[in-house]
Amino acid sequence: MLRLKCSVVFLLQLLIVCPHCTCAWNVSAKCLEDTTIFLKELQTATPSKYAVLMYDAFGKIGSDVNGGNMNRPGSIRECQSAEGPMFKGQYCQVFLKQDRVEYFVGVCVPDSCTDSDIQTLVVFEPNVFAPLCAFDPNATFYDGHIYDSMFVCVASLALPLLAFFLVELIKRKSMREVTPTMKSKNKQYGAVTTNGSANKKKACSPSIDTTQENGISVQNCSKGLLSMESSRRSYSSLNGIRILSLLWIISGHTVQLSAWTNMDNEKRWKKMVENNPLYVLAFSGPVYLAVDSFMLLGGLLSARSLLNSINKSENTLSLGLVAIFLLRRFKRIQPLHLFIVCLSIGLFSIIQRGVFWFIVEDGISSCKKYWWSNLLLINNLFTVTDICAPWTWYLSIDFQFYATTPFLIFLHRINRNALVFVSVVLLLLSNATGALITGFLHLPVHQPTTLAYESYFQFYYNKPYTRYGPYLLGILAGIYMTTKKEMLIKQKWQAVLGWLGSLSIMAVLVGLAYVLKEVPPHLSVPHALYQGFHRSFWALALIWIVLACEEGYGGFVDKVLSLGIWGPLSNISFACYLIHPIIILLYNSQQETTMHYTDFNFFYLFLGHLLLTVFVGYLLTVLVEKPYHFQAKR
């Protein structure tokens, strides 16, 4: 590590004693001249302030080498505050690779040096990637994509706000028209309080056309959003499962998105969390099971929604009904989804750049190239490095699975045995595919081990042929719970056995991830079987919890999952899921130094991200999701 840092300085010093070498190295004359001035100034007895600032801005090895992060960002502000006689300091990042470890070193060079100059200066160092320079914190990069994205975002917000003001103007106008009429009637008949005054008051109240508040007005979209009544309806436990899963995901992303680059004690953090199941609530073990919980709920609710639509359509499952079913879902998710895509391009392109800006820079490029995959809801089929707003892969895979619900319900209506047979085949195929991919590619089953395996995300994690199990089981559960004629649990001993089995399965699934944390260099049957089947078993355990709560055997768990607070949070959960990674990335990319992991530090950070996510999520629900939702309900 020290050798790489010294090699950069050595090559810069070499320019002083070997200036003719620059012709072969193709370093610009101006860069050479300014670099020579800078290095000569460093060799004087009392270097100038600008030279000290530039040299001190170089990234340095931390004191915790064994437990620290390889990244050495240096100081961007210190570099850019240096002003020499003929040049200013320019902050650059040189990206290097040793074996499987990639990291970067911050350097401060004269602003006359270009990216190619810096790359040439380190040409003798193998495994050096193209440097990233010109880090002007006030620089913004405008192009057609950015203007289009900003226009979409502004227009999306402007329409509901315009409707809000129009509704308010209509209300005020109606009030002014009614008030003189009431005064004239009082003068004619006298203002006398009688037993019928309540009816008179109601009859004389301002008559406002309530249809004016329909559609995209903020008033209409905010109605009932914070109501707790939805938590008292059927399937009330689903709200609790949804929100607890969302909290689990936000907690995991808070750590995961920092672990890649921002931690100064990354190695020590890994040793701390990889052996302790308690960290499964952050980013350890099978933390991604929270996503499978979402998939189970998605399948269950899609089946219930379609069955209810069939009942309202004279018990007929027609192609027109299926088309409406899919169109409503598309209308449900796409307005806010595409808003987030545009926000990712626009917001990250205009805000100030920082040391860790490269975290989001690749994401901006992917959005500019592959935004259409988000529009078509197929971005999960792309390589993970080509996905715009990578966390939105879930929306694509959810819609793809959602489209299978009509087929399964069609089988249920014509022949239930056919439904069972097809479901078993699909479940086994999905699980077997995940197992085979894991076995032949030697994929990990444990977090944070997967961070070092790009193939895990490229071939397994977000692909429909490996993740269908929980959604399929959710559809089957939704069909059963919507059409059942009697209670499944008839005796208390059945409930006890069910709870013991469900909780035992969950505990075993979490524990096995730590038992299988090491990635074998050869095909491992235990790893393959666990990877292939653990998500489906998790879904089965959750199905029992939902069923037990619905049939009155939930006990304390049902009381927790049915708390009234989960209702309002569930109403804004979709927006919270989409916006929370942007908040985390925005925070991380603006850091000037690495972060130090402690449990308290990141718990505090999680609470901050959560609070801001809920606030912004509410605004996006009112201003973007609900106004363009119309009557499309899941």
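The backbone N, Cα and C atoms fix where each Cβ goes, and this holds for glycine too.
Annotated features, as they stand in TrEMBL:
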type	residues	note
DOMAIN	28-138	domain 'Nose resistant-to-fluoxetine protein N-terminal'
SIGNAL	1-24	signal peptide
TRANSMEM	146-167	transmembrane segment
TRANSMEM	240-259	transmembrane segment
TRANSMEM	279-303	transmembrane segment
TRANSMEM	336-360	transmembrane segment
TRANSMEM	418-445	transmembrane segment
TRANSMEM	465-483	transmembrane segment
TRANSMEM	495-516	transmembrane segment
TRANSMEM	536-553	transmembrane segment
TRANSMEM	565-587	transmembrane segment
TRANSMEM	602-624	transmembrane segment
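Touching of the transmembrane segment (279-303) and the transmembrane segment (336-360) is ruled out by the presence of fewer than three CB pairs under 8 A, sequence neighbours closer than 6 excluded. The transmembrane segment (146-167) and the transmembrane segment (418-445) are not in contact, since fewer than 3 Cβ pairs between them lie under 8 Å (pairs 6 or more apart in sequence). With Cβ pairs under 8 Å as the measure, the transmembrane segment (336-360) is packed most heavily against 565-587, out of 240-259, 465-483, 565-587, 602-624. On the 0 to 100 pLDDT scale, the domain 'Nose resistant-to-fluoxetine protein N-terminal' (28-138) averages 77 in the predicted structure.
Long-range contacts of the transmembrane segment (240-259) within the same chain: residues 266, 269-270, 281-283, 287-288, 290-291, 293-294, 297, 359, 391, 447-448, 451, 542, 545-546, 560-563, 566, 569-570, 573, 576-577, 580-581, 584-585, 588, 595, 597, 602, 605-606, 609-610, 613, each at least 6 residues beyond the stretch ends and with a Cβ under 8 Å from a Cβ of the stretch.
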